[in-house]
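Colleague: Can you read through this structure? Questions will come right after.
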Amino acid sequence: MSRKQFTLFDPVLLKPALWSAVLKLDPRAQWHNPVMMVVWCCCVLLTIVCGVQFAGDSSSEAVFSLGVTAWLWFTLLFANLAEALAEGRSKAQAASLKGLKKTVVAHKLAAAEHDAVSQPVPADSLRKGDYVLVSAGEVIPYDGEVIEGVASVDESAITGESAPVIRESGGDFSAVTGGTRVLSDWLVIGCTVNPGETFLDRMISMVEGAKRRKTPNEIALSILLVALTLVFLLAVVTLMPFSQYSVNSMGHGEPISVTVLVALLVCLIPTTIGGLLSAIGVAGMSRMLAANVIATSGRAVEAAGDIDVLLLDKTGTITLGNRQAAAFLPAPGISEQELASAAQLASLADETPEGRSIVVLAKQRFNLREHDIHALGATFVPFSAQTRMSGVNIHDRMIRKGSVDALRRHVASNQGHFPPEVEKQVEDVAKTGGTPLVVSEGACVLGVVALKDIVKGGIKERFAELRRMGIKTVMITGDNRLTAAAIAAEAGVDDFLAEATPEAKLALIRQYQAEGRLVAMTGDGTNDAPALAQADVAVAMNSGTQAAKEAGNMVDLDSNPTKLIEVVHIGKQMLMTRGSLTTFSLANDLAKYFAILPAAFITTYPQLGALNLMHLSSPQSAILSAVIFNALIIIGLIPLALRGVHYQPRSAKSLLRRNLFFYGLGGVVLPFIGIKVIDLFLTLMGWI
């Protein structure tokens, strides 16, 4: 990747983050986080108490209150810093995207043809539906679809990948993005957006969105944290009259002070996760962008972590995607050359890799030269997901090629007969994992073109990982059932959908969702748009059509369908990070009980000294040590919140057990050690 990656505490990010953390001390900024708002109120209260004490005669009590007050403000500041660092990384990424926007001159065409009259205009004046000519060395002014031409395009400014890509009319690689550069040849591009609606504009808006919407899980966790805060607030408030009653009843001791009560409240409420919760969500989206995936919202990232069904396109995801014509298998009474000639004619205007490979194979095997489709007076019939075949009409000749079922229906509709020998050829090709493409002329079946595809190395192991995580994998392919079954068995997927149409994909997604499952899928074509819109996590390819990108809730800048698996990992990592830090935060309270409660009541109930398990030097030292630890642990956990916990592909039960051991037990043990070390330091320095 050529895009700059920032370290956690990069000075470029740290300086503005520190200033932003100070600005976030404004109560209006704290209002969105109820837990930290309570801490802010406690800070203000203690600041007033501290001022009153210094104005009075209780100087020793005032010094103690000053120490507690200062560290409570630091607690708030550190929580703000975590969020500011996460937001700073997103803003830096947005700034890098803004740097890609260039003011360029576009060559606007009067018509969608290379030879049409052109005039130079500012790119900002272009509108949806306009056509432009972009030649070698020029920057593509706007997002659009390639209407004519084939060119090598440098997309490193967008994707970070230095290797150029081919963009061409027809097929799934016709979309181009404004800000990228044409390296060779030329392209006629039809603009698909208006000013302010370009891919870069939308990405910048998503990345630096001023107000990030909370995700459902985040809202649920926030409600839990608020409930816990209210419970602890009520419990602490009751300690004041209880303390007064105890002093009067026992005849000795001192009532608990406001400073101690506030310190106890802040240490008991879930400030750790409360301070880091927003940062975890922002960092999740930032990690997606680091993986070259733009998420439209944190909701999409979170949904990726809950996914339990993955719909994966066979071509490009499970297989290498470069299916090539390998053999011509003629029907009885048809020569191989006749089949090759017809297949070549049907493929002359076919811009897909498969279509071009048929033309090349016919030329290699029989020296059949390409024809000019216009000179032949031919009419090309394009492929569609509904008909699942393409071809050409030349005078009274009607040549078609396509899937077995589509050609069987086509031949039958022309009162033709589908030979059993061809059925056998189809089965033989499919059983070996190849794709049979049937060719016909009129009502006569000419034979089969065998296409070969290769399963990607290591993909079977990745599917095994997903299975251990409880995720079901489903391969989506337009191939017949025999071919699909052979490739599915080789790749190790759990299920497959053969002869897939847009309607079939949409129905399958709805079926899984009706069972209460969350579904993820990738897509790049306009025909994928309905299914992408229905899926819970929909990753559209950057090289795909505008309709696909608008229907999805994520865009993969690398246009790599396999990235869906990485998206799921990042989503699960975000959920695990949130759960782990919540467990750690709640487990922290145990040590703070043993530090603060005995210290608060020891003058009234000396017997509580037995609960001083850490042998803290004095009540004031115990309370201040707990407050300092409560603040420092937020700083200590910022790297974990921003990077995410280490995720391993395991079952939910295994992950829960590991989570409870490391973050539950760790959350109990670490505060005992930390508070004791801070107490020793304070005593050694003579500050208590």
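Residue numbering: from 1, along the chain as shown.
Any Cβ shown, glycine's included, is placed from N, Cα and C.
Feature list, courtesy of Swiss-Prot:
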type     : residues                                                                               : note
ACT_SITE : Asp313                                                                                 : active site, 4-aspartylphosphate intermediate
BINDING  : Asp350, Glu354, Phe383, Ser384, Ala385, Gln386, Thr387, Arg388, Met389, Ser390, Lys401 : ATP binding site
BINDING  : Asp524, Asp528                                                                         : Mg(2+) binding site
TRANSMEM : 35-55                                                                                  : transmembrane segment
TRANSMEM : 62-82                                                                                  : transmembrane segment
TRANSMEM : 219-239                                                                                : transmembrane segment
TRANSMEM : 260-280                                                                                : transmembrane segment
TRANSMEM : 594-614                                                                                : transmembrane segment
TRANSMEM : 622-642                                                                                : transmembrane segment
TRANSMEM : 668-688                                                                                : transmembrane segment
Colleague: Please report the number of other Cβ atoms within 10 Å of the Cβ of Asp524 (Mg(2+) binding site).
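Modeller: Excluding its own Cβ, the number within 10 Å is 27.
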Colleague: Counting Cβ pairs under 8 Å that are 6 or more apart in sequence, does the total for the transmembrane segment (622-642) and the transmembrane segment (219-239) reach three or more?
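Modeller: No, the transmembrane segment (622-642) does not contact the transmembrane segment (219-239).
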Colleague: Within this structure, do the transmembrane segment (594-614) and the transmembrane segment (35-55) have 3 or more Cβ pairs under 8 angstroms, counting pairs 6 or more apart in sequence?
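Modeller: These two stretches do not touch.
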Colleague: Need this for a regression test: binding-site residues Asp350, Phe383, Met389, filtered to those with Cα within 10 Å of Asp313 (active site, 4-aspartylphosphate intermediate). What's left?
Modeller: none
Colleague: Starting from each candidate's C-beta and looking 10 angstroms out, tell me which of the binding-site residues Met389, Lys401 has the most other C-beta atoms.
Modeller: Lys401
Colleague: Tell me the Cβ neighbour count for Asp350 (ATP binding site), meaning other Cβ atoms within 10 Å of its Cβ, over all protein chains shown.
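Modeller: Other Cβ atoms found within 10 Å: 22.
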Colleague: Please state whether DSSP places Met389 (ATP binding site) in a helix, a strand or coil.
Modeller: strand
Colleague: Can you tell me how many other Cβ atoms are located within 10 Å of the Cβ belonging to the residue listed as 'active site, 4-aspartylphosphate intermediate'?
Modeller: 24
Colleague: Write down the Cα-Cα distance for Asp524 (Mg(2+) binding site) and Thr387 (ATP binding site), rounded and given in Å.
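Modeller: With the alpha carbons as reference points, the distance is 19 Å.
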Colleague: Determine, using Cα-Cα distances only, which of these binding-site residues is closest to Asp524 (Mg(2+) binding site): Asp350, Phe383, Met389, Lys401.
Modeller: Phe383
Colleague: Once the DSSP letters are reduced so that anything not helix or strand counts as coil, what is Asp524 (Mg(2+) binding site)?
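Modeller: SS state of Asp524 (Mg(2+) binding site) = coil.
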Colleague: So, in DSSP terms, is Lys401 (ATP binding site) helix, strand, or coil?
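Modeller: Where Lys401 (ATP binding site) sits, the three-state DSSP reduction gives strand.
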Colleague: Measuring Cα to Cα, tell me the gap between Met389 (ATP binding site) and Asp528 (Mg(2+) binding site) in whole angstrom.
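Modeller: Cα of Met389 (ATP binding site) to Cα of Asp528 (Mg(2+) binding site) measures 18 Å after rounding.
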Colleague: Would you kindly give the Cα-Cα distance separating Asp528 (Mg(2+) binding site) and Asp350 (ATP binding site), rounded to the nearest Å?
Modeller: 20
Colleague: Please list residues from the chain of Phe383 (ATP binding site) whose Cβ is under 8 angstroms from its Cβ, counting only those at least six apart in sequence.
Modeller: Asp350, Thr352, Met389, Ser390, Gly402
